[in-house]
Ligand SMILES: Cc1cc2nc3c(=O)[nH]c(=O)nc-3n(C[C@H](O)[C@H](O)[C@H](O)COP(=O)(O)OP(=O)(O)OC[C@H]3O[C@@H](n4cnc5c(N)ncnc54)[C@H](O)[C@@H]3O)c2cc1C
Ligand SMILES: Nc1ncnc2c1ncn2[C@@H]1O[C@H](COP(=O)(O)O)[C@@H](O)[C@H]1O
């Protein structure tokens, strides 16, 4: 809120000058003038006997130029930096170079100072770290409070988070607390060459449409970024940076959730994102045992199996193997799609693989539209033959 | 106990097609549906109503007047009452604005024990509105909820993670966002359909929920769509020919030629 003088109504009585707690009003040619010290508190509005001072709706705009630097949320789980953080640091370095600014990581946990060296090695110029027993495991209230305070104090221009189950919980809460916008699940980030603002591109409508989003008048500009999409930062052992410790304190009942226990069901997650060869199966397998055949090929090539959502829904395989919009995004050297029709939601998670090989009975299956090599045939004949040929030729 | 479910009407993105000539989204003839995750959220609320005494379940949406069709569907599934936040000023909202409007509506309804939302709506896929609404209402939030157990004024929930889950305790009032794995949504029942037709849907505009037009819709949205476009397709590659054996040999020699195996 701000205030303004309506010159026609002002009688020059100077009551407002006496009332102003900030001495922001002066008299010029018998008319009150609001000076720079005005905070928009509005005391004068009520004081004026002639209704010559009005509140204006135009909010005091944040000075955007105060906001500098690219921040990456250094998500850690059980003392391990998540792979997506390394991708974010890689991306942050590119963005920072274009804007001409620095890259910082923000790290929360318990006994995390040992992790700062790793973040420097992956390209962080600074690491803001918060060390507190309450931050050991991610909890919405605790992490939101600490990072919100850091953002308000150090004013980053851009904040990137991994679009993990943690990043997609934290990001929206931070955005509201910092009164700014957030673009979800981005697959591409660019700097506008002219105004140096960030352009965030993301899939919408189940991957049918791409949208480029901007956040012109609020800071920081925030995005969650889909894991497995950006290139990893280069690792430079011994690279140094500045570690800055954040003050942390919590009041009673400020953290409103309690973790009773954490249950691990699979350990395959990381291998799917990092795999160079993925042999993925769909409903065309006909039954869950089909994955055994795919495993043989995966073992031969030193890769891993994966699946479409339909197989996950059918209970054939665990959700952690699912590739696609609501599963994992992968970009291996070779992606074998076996008995997968190629629904848009599936393509959303594997389209940027170096080479896609589709094996499908139906020559009109949409998967062939994105395949580098297509084989029309029964996967139960084709895969054993490929295996035979691989064995023979090696 | 009072439960509220935030529901959204969305186009069935499975049916969305791209115009092959113009490269634009074809929306005509695409059916509007209750967002899938929101159906799971509503089912969770109705399941509580089935087992606990004195539970009322309300549904709330922000959307155009035709969203009332979806609200009737929710009533026919068993919800007790429905609220529609509908106003020109709400149009073009991003998640900042949507959560601001929903929170204002929820404050007006008041005194809720549990608020449910879906994890994500399939049109925008942002998964932000639930968490942001909770922040504005200053209630704790748990996202990705795949199991719920009530214990007095506490709720014990399973929060889905990529590789398992966390068992979390949270006191009411709280906001929970539902994932597909939470339950199997029920169908509408004949008796509920009949009742749903008789029920009034409460419709509120910005003044009813004490919001100035500057604080809703496009005007209040920090993010803006700069442009939208259809994703460039990778382009069709080569279809291999011959017998299974010939195709397999040819594939392997091509991959070797490319030095990928
Ligand atoms: C909101 C939403 C999110 C979604 N997210 C995802 C996601 O993340 N990932 C995902 O994968 N899907 C997702 N889906 C589902 C997606 O729309 C498809 O339903 C799913 O990908 C289909 O799986 P499929 O290709 O295995 O099965 P189908 O579509 O049933 O295809 C089976 C294919 O196998 C072929 N076939 C049959 N027998 C053989 C054989 N013996 N040899 C060779 N080929 C054979 C058939 O010709 C057919 O093309 C989502 C859907 C929605 C609505
Ligand atoms: N316009 C709306 N009206 C009511 N609820 C909504 C609306 N938009 C989003 N939501 C709720 O917020 C959840 C997440 O939506 P989104 O952030 O758009 O993916 C949805 O599943 C709904 O429960």
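Using N, Cα and C of the backbone, Cβ positions are placed for all residues, glycine too.
Taken from TrEMBL, the feature FAD binding site applies to A:308-309, A:322-326, A:339-346, A:360. If you look up TrEMBL, you'll see A:1-28, A:29-58 marked as domain '4Fe-4S ferredoxin-type'.
Projection of TrEMBL feature records onto the structure.
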residue : record           : DSSP class
A:308   : FAD binding site : coil
A:322   : FAD binding site : strand
A:340   : FAD binding site : coil
A:346   : FAD binding site : helix
Site of maximum Cβ density within 10 Å, from binding-site residues A:324, A:342: A:324
Greatest C-beta neighbour count within 10 angstroms, which of the binding-site residues A:308, A:322, A:326: A:308
Per-residue Cβ crowding (10 Å cut-off), top of binding-site residues A:340, A:344: A:340
Residue A:346 (FAD binding site) CB neighbourhood, other CB atoms within 10 A: 28
Residue distribution over DSSP helix, strand and coil in the domain '4Fe-4S ferredoxin-type' (A:1-28): 5 helix, 8 strand, 15 coil
Confidence summary for the domain '4Fe-4S ferredoxin-type' (A:1-28), mean pLDDT rounded: 83
Where the C-beta lies under 6 angstroms from ligand 1, the matching binding-site residues among A:308, A:324, A:326, A:344, A:346: A:308, A:324, A:326, A:346
Counts by DSSP class (helix H/G/I, strand E/B, coil) across the domain '4Fe-4S ferredoxin-type' (A:29-58): 5 helix, 8 strand, 17 coil
